[in-house]
Amino acid sequence: MYKLLKKSGKARRGEFTTPHGVIQTPVFMNVGTLAAIKGAVSSMDLKEIGCQVELSNTYHLHLRPGDEVVKKMGGLHKFMNWDRPILTDSGGFQVFSLSKIRKIQEEGVYFNSHIDGRKIFMGPEESMRIQSNLASTIAMAFDECVENPAPREYVEKSVERTTRWLHRCKDEMNRLNSLPDTINNKQMLFGINQGGTYEDIRIEHAKTIAKMDLDGYAIGGLAVGESHEDMYRIIDAVVPHLPEDKPIYLMGVGIPSNILEAVDRGVDFFDCVLPARNGRHAHVFTKEGKINLLNAKFELDDKPIDEGCQCPACKHYTRSYIRHLFKAKEMLAMRLCVLHNLYFYNNLMEEIRDAIDGDYFKEYKERKLKEWGGRA
């Protein structure tokens, strides 16, 4: 259940109550594709840096170790030792982005595994069954994510199919939640708005799925080739047509400036691999924007990554030392930078929540964008 606590302009401060705890929103979900954050970051680390929600990937966990294995181990929460909310995506995005060979039909999608090439089928019911086996807190509906730009006629047909798939997802989720051997029989379902960059298709689809009384709603199919201006235009068009008493999730968007702009437009949930991926390559976020620790100017820099930051890396190590670790190819380098970036993101969301609570979000947003100077 979502409770709207405060608004500052269109920015929303809320609480989302789930079977695994209350999520304070706006929130950034830390992406652990295979039930782990890449960069040697543990579930204990995630708690220390303030992570509220972990996101795992249905497609990848279905292939490795297999959702049946996870179910036999008691579900994702027990498997990875995490007692806070977990969101699993439906696998749809990976099916359409990773599979070179795929065939879309009404019942679902036939595709080849990116690991061993074997033929796999996934449709709405299969996605729900896999996510039920994983026993995540929130399951995402199975949808088709089209590339931007895509021909209007194709997008229209795709959205109609995605809507039919959503009805099938909801029916299957209700069935699974009623079974005696289901680990999490209170699993929640979010629907996904699609429609490419066509505002009218997006709006009509938002109106359609809003009637389905789902636990939350996502805006999908963005950050896949369109400009930031197009992204903001679509968010502006869609948000007013989604229920105000449900959380809104902007999928896969994680550039800090994009997060601020989306919060300003009423978005509550975010996820992205960006902080961990950047951290593994020595790109770290600071109050002044993103920096690359491999640059020669940091060789003798005795400052922490970001002065004033309370993350484990900044409290104990210098830029010079971490740069040395990267040059020496020590795994600790990646771990420290991933920890820092995840802390930066979770701390950013805490500051955003405080700014909405204090009704100064507009001023906060403008100040942060000015400080970052286009570098974050």
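Glycine is treated like the rest: Cβ placed from N, Cα and C.
The substrate binding site annotation in Swiss-Prot covers Asp89, Ser90, Gly91, Gly92, Phe93, Asp143, Gln194, Gly221. Secondary structure at Asp89 (substrate binding site), as computed by DSSP, is strand.
Under the heading active site, proton acceptor, Swiss-Prot lists Asp89, citing sequence analysis as support. Other Cβ atoms within 10 Å of the Cβ of Asp89 (substrate binding site), summed over all protein chains shown, number 31.
Per-class residue totals from DSSP over the region 'RNA binding' (252-258), listed helix then strand then coil: 3 helix, 0 strand, 4 coil. Here Swiss-Prot flags 252-258 (among others) as region 'RNA binding'.
Residues annotated as active site, nucleophile in Swiss-Prot: Asp271. Taking Cβ-Cβ distances under 8 Å and a sequence gap of 6 or more within the same chain, the neighbours of Asp271 (active site, nucleophile) are Phe28, Met29, Asn30, Val31, Leu55, Leu87, Tyr249, Met251, Gly252, Gly254. Reduced to three states, the DSSP call for Asp271 (active site, nucleophile) is strand.
Here Swiss-Prot flags 276-280 (among others) as region 'RNA binding', drawing on sequence analysis. Remote same-chain partners of the region 'RNA binding' (276-280), defined as residues 6 or more beyond its termini with a Cβ less than 8 Å from a stretch Cβ, comprise 30-31, 37-39, 41, 290, 334, 337-342.
Annotated Zn(2+) binding site per Swiss-Prot: Cys309, Cys311, Cys314, His340, in sequence order. For Cys314 (Zn(2+) binding site), applying a Cβ distance below 8 Å and a minimum sequence separation of six or more within one chain yields Pro304, Ile305, Asp306, Glu307, His340. DSSP assigns Cys314 (Zn(2+) binding site) to a helical segment in the three-state reduction.
Using a Cβ-Cβ cut-off under 8 Å and counting only residues 6 or more beyond its ends in the same chain, the region 'RNA binding' (252-258) has close neighbours at 28, 93, 220, 222-224, 228, 231, 270-275, 285, 345, 348, 368-369, 372, 374, 376. Minimal Cβ crowding within 10 Å, among the binding-site residues Cys309, Cys311, is found at Cys309. In this structure, the C-alpha atom of Gln194 (substrate binding site) lies 38 angstrom from that of Cys309 (Zn(2+) binding site). Secondary structure at Gln194 (substrate binding site), taken from DSSP and collapsed to helix, strand or coil, is coil.
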